[in-house]
Each structure stands twice: as C-alpha cells, then as structure tokens.
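Engineer: My questions will all concern the structure given below.
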Amino acid sequence: MKGKYRKDFHLREFCLTPNHTKFAPLLAPNRVMLIFVPAMYNLIKNFLFRYPPESIHHSVMRGMKTIYSLPLGKNIMNAFCGVKTPGLEREIFGLTFSNPVGLAAGFDKDAKYIDELACLGFGFVEIGTVTPLPQPGNEQPRLFRLPEDKALINRMGFNNEGAVAAAKRLQRKKSNIIVGGNIGKNKLTPNEEAVSDYEKCFHALYDVVDYFVVNVSSPNTPNLRALQEKEPLKQLLHHLQVLNAQKVKPKPILLKIAPDLTTEQLDDIIEIVKETKLAGIVATNTTISRAGLKTPAAEVNDIGAGGLSGLPVKKKATEVIRYIHTHSQGSIPIIAVGGIFTAEDAQEKLDAGASLVQVYTGFIYEGPKIAKKICAGLRPQ
C-alpha cells in the first residue's frame, strides 16, 4: 500500500520538495479556494488522492485556516458552503442545532479548526477523541483510502495533544457552533483504571463543550472495546453521570458504539443508557469487518488492521440505528454516523430513527460543500 503514494512527497505548510514545485500553485491558499467550487473539487481530489491521506489532510486544513484569516475569507467560505435551507433547526437533548448535519470526531481531533469548519455549513462539530495525556497514536502510515469502495481504513490510535490543550483552543473560539467533546482513555492506561481517564477528560472539557461522547468503541486502542461489555460500561457511565449531576448545569453525555455488536449486546446498551439516563447514542463507529469490499483482498490485507468507514458501513449502521430506535420505543436520541455521502443517505438515517447525522469519510470524498448539499435535500421536520 505504501507504494501507491509518491515517496518523495513532503509537506511543510504548502511547500513541496524541489522536484514537485510544479504542483505548489495547486496547494497555495488562493488555489485551495477552488475546493469550494463543486466542478473543481473532483479535479483537485484526483490530485490530492495521489498522496498520503494524513499529510494532505493537515495541509488542506492549514490552507483553509489561511483562507479564513484573509480579508473576506470567512465571507467567501460562508457564501460557498453556508447552509440557508429553512426548516432544519431542531432541539435535541436540550441543545438547539441550526441543522442536523455535523462533522464526526476524528477530523479535528485537537480543536484547531472550529471557526473554519463552522463556515462550512455544519450544524455541529465533534472534536477528539481526546485523552488525558497527549499521545502520538500508532505508527504511520495509519490512514488509507479505498476509492473503489468510497471508504477509509484507519488505525490512528487516538493521536492527540491532550484534553487540556484542546480545552485551551476551545476557550479561544469565536463561532457559536455547537461543539461535542469525544473522550477516551490513553493507550497505556489499563482498563481497570479507565474510569479515571474519562473523568479527567470530562473535567478538562466541561466548560468548553456542549455535549460529551464516551468513546469505548474504537478498534485501534488495545482492549478498548472490552469496555462496551455490560458491567464495565455501566460502571463507567454511572461514574460520569454522578460527576455530571454535581455540576450546576449538567451536560448531555452520549455513548458511541461499534457497528459490530450483537443484538444481545445492543439490548444491554439500551438498558444501560436508560438506567444511567444518558442523553443518547452515537451509532456507529468504524467496523473491523472487511466483508463485501470491491478493493482487491490482497490490497486490503496489505493495509492490515484498522477500522473501516464510509460506504461499506452504511447498511450496518442504519440497521443498528433502526434496532435501537425500535427497541427503545424511540426514547433514545441517536446521532447517526456511517456511510453518509448524500442527502438520501442522511434522510435514510433520519427515517430509521436518528435525530442528527455526522459525516467524516463522506466529507473527504464529496468535498467541503457536503453539509450544504445534504441540507438542501433533506425534508424539513
């Protein structure tokens, strides 16, 4: 898989190696503006997809930050990507969302681009996953594209600069966009001490986020998914809710779950969410399954371990959402994630019982106008 990318490609801000100066104009901030033009995004995407996903991600995000800082830059971003579709506002777990389309955790792990992302039409942005201590995550390469499947495989491993660093950035944000804080445990923290890690993240972010998401479903931190089992999960969520109740204004706490759970496990999740009075569920995280992929098996095997996201997760995520909605009698708000690329995909999730939706892989494949395009095609409430 490494051989698919240009090995002499290096990015420092927007400078390529001397051998690739002919491509530098395409990555200059004034050229990055072209990604906001639908006809241009596919052309630029074909160029960007020639290079390592993680490097390109950081470079494009820095370019977006530069555009935002320019005179009229914010206005230009809002003009191209801002959502003006009426009738999409909704109130969920006590928060008023301007529209139901959010950006999932993982895209802006360290809360570096909140104000810029707010200009892209999202109704909310979820940062993280953050951990109490900074950690580098897994060895690179750790993010891979599967274009034939409109999918990604990642084994990032909760790389982040720590909850305190994220909190300091959120204190400086200017936008009033709703922000969720996705929290997890450090890799070296044993499961027996995981509650302490989540507690530290909760305290660090409490004053700067609007809601929390407890992530126990990433496949890329050893043994993390064991925390989805009934007793450890109940203990963790109960502890967080006790802390939450001690606050003057408790924040909504949601649970993010995997798409690979059995119906028995989903029944346990529903029971625990009700028992601990959680605000809702985020369904779903990435899958460890590789079933039904169009990408050649040899190429997938060469990539190795990691969570699969994108179109291949769409059906399973919808099934999980529908199951939770049906078996909870619609009493649990659900944020839907998994295979959302179009308004039809989002509407399918909402019709299955979701209250809100989030995009991640779809953002990468469809471009920065994805929220605007989805909102334009949704049925008003």
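Think of each number as a place in line: the chain as shown, counted from 1.
In case you wondered, yes, glycine gets a Cβ from its N, Cα and C as well.
Since the structure is predicted, the reported quantities are computational estimates derived from the model, not experimental observations.
Reproduced below are the annotations present in TrEMBL:
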- 88-379: domain 'Dihydroorotate dehydrogenase catalytic' (DOMAIN)
- ALA105, GLY106, PHE107, ASP108, LYS109, THR129, ASN182, ASN215, LYS256, THR284, GLY310, GLY339, TYR360, THR361: FMN binding site (BINDING)
- LYS109, ASN154, ARG155, MET156, GLY157, PHE158, ASN215, ASN220, ASN285, THR286: substrate binding site (BINDING)
- SER218: active site, nucleophile (ACT_SITE)
Engineer: Have a look at the recorded positions (ASN182, ASN215, SER218, ASN285) and report the one with the fewest Cβ neighbours inside 10 Å.
Structural biologist: SER218
Engineer: Binding-site residues LYS109, ASN182, TYR360: which have a Cα within 10 Å of ASN285 (substrate binding site)?
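Structural biologist: Of everything listed, nothing lies within 10 Å of ASN285 (substrate binding site) (Cα to Cα).
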Engineer: CA-CA, which of the recorded positions ARG155, GLY157, ASN215, SER218 lies nearest ASN182 (FMN binding site)?
Structural biologist: ASN215
Engineer: Which of the listed binding-site residues (LYS109, LYS256) has the least company, meaning the fewest other Cβ atoms within 10 Å of its Cβ?
Structural biologist: LYS109
Engineer: Long-range neighbours only, meaning 6 or more apart in sequence with Cβ under 8 Å: which ones does GLY157 (substrate binding site) have?
Structural biologist: GLN135, GLY137, ASN138, ARG142, LYS187, ASN220, THR221
Engineer: List the residues in the vicinity of the substrate site, defined as same-chain residues other than LYS109, ASN154, ARG155, MET156, GLY157, PHE158, ASN215, ASN220, ASN285, THR286 with C-beta within 8 angstroms of the site's C-beta centre.
Structural biologist: GLY106, THR129, GLY137, SER218, PRO219, THR221, GLY307
Engineer: Given the recorded positions ALA105, PHE107, SER218, LYS256, GLY310, TYR360, which lie close to ARG155 (substrate binding site), meaning Cα to Cα within 10 A?
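Structural biologist: Checking Cα-Cα distances against ARG155 (substrate binding site), the recorded positions within 10 Å turn out to be SER218.
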Engineer: To the nearest whole angstrom, what is the C-alpha distance linking PHE107 (FMN binding site) and ASN215 (substrate binding site)?
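Structural biologist: Here the two Cα atoms lie 15 Å apart.
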Engineer: Who sits close to TYR360 (FMN binding site): which same-chain residues at least 6 apart have their Cβ under 8 Å from its Cβ?
Structural biologist: LEU103, ALA104, ALA105, GLY106, PHE107, SER309, VAL337
Engineer: Can you give me the same-chain residues 6 or more apart in sequence from GLY310 (FMN binding site) with a CB-CB distance under 8 Å?
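Structural biologist: Expected: LEU146, ASP149, LYS150, ALA151, LEU152, GLY339, THR361, GLY362, TYR365.
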Engineer: Tell me, by DSSP, whether ARG155 (substrate binding site) is helix, strand or coil?
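Structural biologist: Reduced to three states, the DSSP call for ARG155 (substrate binding site) is coil.
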Engineer: How would DSSP class LYS109 (FMN binding site) in three states?
Structural biologist: coil
Engineer: Let me check the 10 A CB neighbour count of ALA105 (FMN binding site). How many other CB atoms are there?
Structural biologist: 27
Engineer: Can you check what DSSP calls ASN285 (substrate binding site), collapsed to helix, strand or coil?
Structural biologist: coil
Engineer: How many Å lie between the Cα of LYS109 (FMN binding site) and the Cα of ASN215 (substrate binding site)?
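Structural biologist: Each residue's Cα considered, LYS109 (FMN binding site) and ASN215 (substrate binding site) end up 13 Å apart.
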